[in-house]
C-alpha cells in the first residue's frame with residue numbers, strides 16, 4: 001500500500017514538473033510553449049479565437065469580416081505608482097499566417113498592451129485589426145506592434161508586408177518591410193503570410209524609452225540589429241496595470257492567424273521559448289476554408305468573365321473595323337458603260353487575289369493606261385492578264401472604255417458575225433505570245449467597231465508612227481486595209497529584225513529598205529541575220545513578199561486578212577510580184593507633200609516614204625527635232 005502511494009506521489013511530481021517546463025507564470029512574467037489546458041485558464045478568448053487540442057492559439061479562421069483576440073487575463077504592473085514611469089519589459093512570440101490566396105491575405109496580427117482584456121470589437125474587422133472601429137480610431141491607452149498584410153495607403157503603410165509600432169491609433173509611428181538583418185549586416189526579406197514560422201521580439205527600455213522590434217525566421221538566433229526602432233515614452237499612455245495579448249481580424253480576404261508560443265517578462269528579457277516543444281501547425285486544407293474557396297472561385301470567375309467580355313467586345317470592334325476596311329478596299333462603282341456586261345463582270349476582289357494584291361513580282365509591263373499584271377483566278381485556276389489603270393494615266397477614260405467594250409463585244413457570240421474590228425494600232429509590242437507561242441493581239445485602246453461595208457469616220461489620225469498606211473495619213477479614215485498595212489509592216493519587222501523606222505540607216509522606212517532588196521532580186525538578203533542558216537528559204541521569202549504586198553501604198557492592192565491567212569497556211573499561192581505593181585504609183589504624193597518639212601520625197605520605189613540620198617543626214621536631224629510634223633501636216 002505504501003509503495004502504491006509513493007508511486008502516485010511520484011507521478012504527480014513528474015506531471016507538475018512537465019507543466020512547469022511547458023508554462024511558467026507569475027505576476028510579472030509567463031511562458032507558453034504551446035497552449036495546453038489547464039494552464040490556458042489564464043488566456044481569455046474573444047471573437048472567433050480558439051485554442052486547439054494540439055496547442056495552437058488560433059486567432060482567426062477563414063470566416064469573413066471577423067475578429068479574434070486572446071489576452072493574458074492577469075493584470076501586469078507596468079508602473080510602480082499611477083504617476084510613475086513605465087518599467088522595462090520584453091516579450092517574444094512565434095506566429096504563422098496561412099493566407100487564403102497565395103499572394104493576398106487579410107489583415108494581420110497585433111501584439112497589444114491595453115487597459116482591459118476585453119476590447120470593444122463592433123465594426124473593428126478588416127484594417128482595424130479588432131482594436132478600433134471606424135468611429136473610434138484612437139484610444140489613449142493602447143500600445144501595439146502590428147504585423148500588417150494589407151497595404152492601406154490611408155494608414156501610411158509601406159506595403160502589404162510590414163511591421164509597425166502603433167501608439168493609440170492605426171497610424172504607425174515607425175514601420176518597415178518585414179525582414180531581418182543577418183550576422184553580416186545584410187537585410188533579408190521575410191513574407192508574413194507565407195505559412196512559415198517566424199519569431200518576433202518586442203523590447204522596451206524604461207530608461208531610454210527606446211522601443212525595438214526584431215524578427216527572424218523560426219529557429220534562428222535573435223538578430224543583434226532590430227528591424228524597427230523608435231524612441232517614445234510610454235508613461236503617458238500606460239496605466240499602472242495593463243493587460244497584454246493579441247488581436248487579429250479578417251476582411252474580404254481571409255487568413256488563419258496562429259500563435260504557437262509566447263513569453264513575457266517585466267524588468268528583464270523575455271524568457272526564451274523551447275522551440276522544440278512548440279505545437280505543429282495543422283495540415284492546411286480546403287475544409288476549414290470552404291467559404292474562402294468560394295470567394296476565391298468567385299473572384300477567379302469574375303476575372304475570367306471580365307476578360308472574356310473585354311475580348312469579345314474588342315473582337316467585335318476589330319471585326320467591324322476589318323469588314324468596313326475590307327468593304328472600302330474592294331468597293332466598286334458600276335459605270336454606265338458596264339451595265340450591258342454586268343453578268344460577265346469580274347469583281348475587283350477576285351482580281352486582287354488573282355494577282356496576289358497586284359504585287360510587283362507579277363508585273364508584266366506598263367503602258368499608257370497603267371500596268372499589266374499576271375494572275376491566276378482562284379476558282380478556275382486560269383491564267384489571266386489584268387490591266388490596272390493608273391491615276392496618272394496618259395490616256396483618257398474614253399479610250400479605255402473603247403478597249404474594254406471592243407474586246408467584250410468581240411467575245412459575244414451573238415455579235416461577232418455582225419461586227420468588223422479595226423484595231424488601228426497593230427505593232428510588234430501589241431502582239432503577245434502564249435505558252436505555246438500562239439500570237440495574241442492586245443491593246444484595243446484605239447480599236448473601233450463598225451458594220452460590214454460602212455466607213456469609220458475619224459477626226460484625227462491615231463496609231464504608231466511607222467505602222468500608219470499612206471491612205472490613213474492622207475484621208476484620216478481607218479479601214480480594214482489600214483490594219484492590213486500595219487500587219488505587213490509587222491511581218492517585215494519580224495522577218496528582218498529591224499524597227500519600222502530606223503533613223504540611223506540611209507533607208508529610214510523598213511518597207512523601202514526591203515523593197516530595194518526585192519527590186520534587185522535579192523529579197524532574202526533582207527532577212528534577220530540572227531536566223532543564220534537554219535531556216536526555210538521558201539517560208540522566209542514568202543513572209544517578206546507577203547509583208548511587201550500587205551504594205552502596198554495602194555489599199556486596193558493589199559490582200560484581205562482572210563487571204564493573208566490562206567497564204568500563211570499554204571492554202572493559197574502568193575501571187576508573183578512585178579515591179580510594175582509598185583512602179584509609177586502616185587498614191588504617196590499627198591503624203592510626200594505632207595512630209596516636206598522633214599525632207600522626205602517620192603522615190604523610185606513606187607510610193608514608199610524614202611529620204612533623199614543627198615539629204616539623209618538632214619532628214620535624220622529633222623525627224624529627231626520635229627517628231628510631231630507628221631500629225632500636224634494631216635490637220
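Quick reminder: no glycine exception, Cβ is built from N, Cα and C everywhere.
Remember, it's a predicted structure, so these values are computed and weren't measured experimentally.
Annotation comment: TrEMBL describes 1-24 as signal peptide.
What TrEMBL lists as domain 'Protein kinase' is 282-574.
Cβ atoms under 8 Å from those of the transmembrane segment (295-324) belong to residues 64, 100-101, 252-254 of the same chain, restricted to positions at least 6 beyond its ends. TrEMBL lists 295-324 with the feature transmembrane segment.
Summarising the annotation, TrEMBL assigns ATP binding site to 387. Cβ neighbour count for residue 387 (ATP binding site): 20 (other Cβ atoms within 10 Å of its Cβ, all protein chains included). In the three-state DSSP scheme, residue 387 (ATP binding site) is classed as strand.
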**Prompt:** Over the domain 'Protein kinase' (282-574), what does the predicted model average in pLDDT?
**Reply:** 75
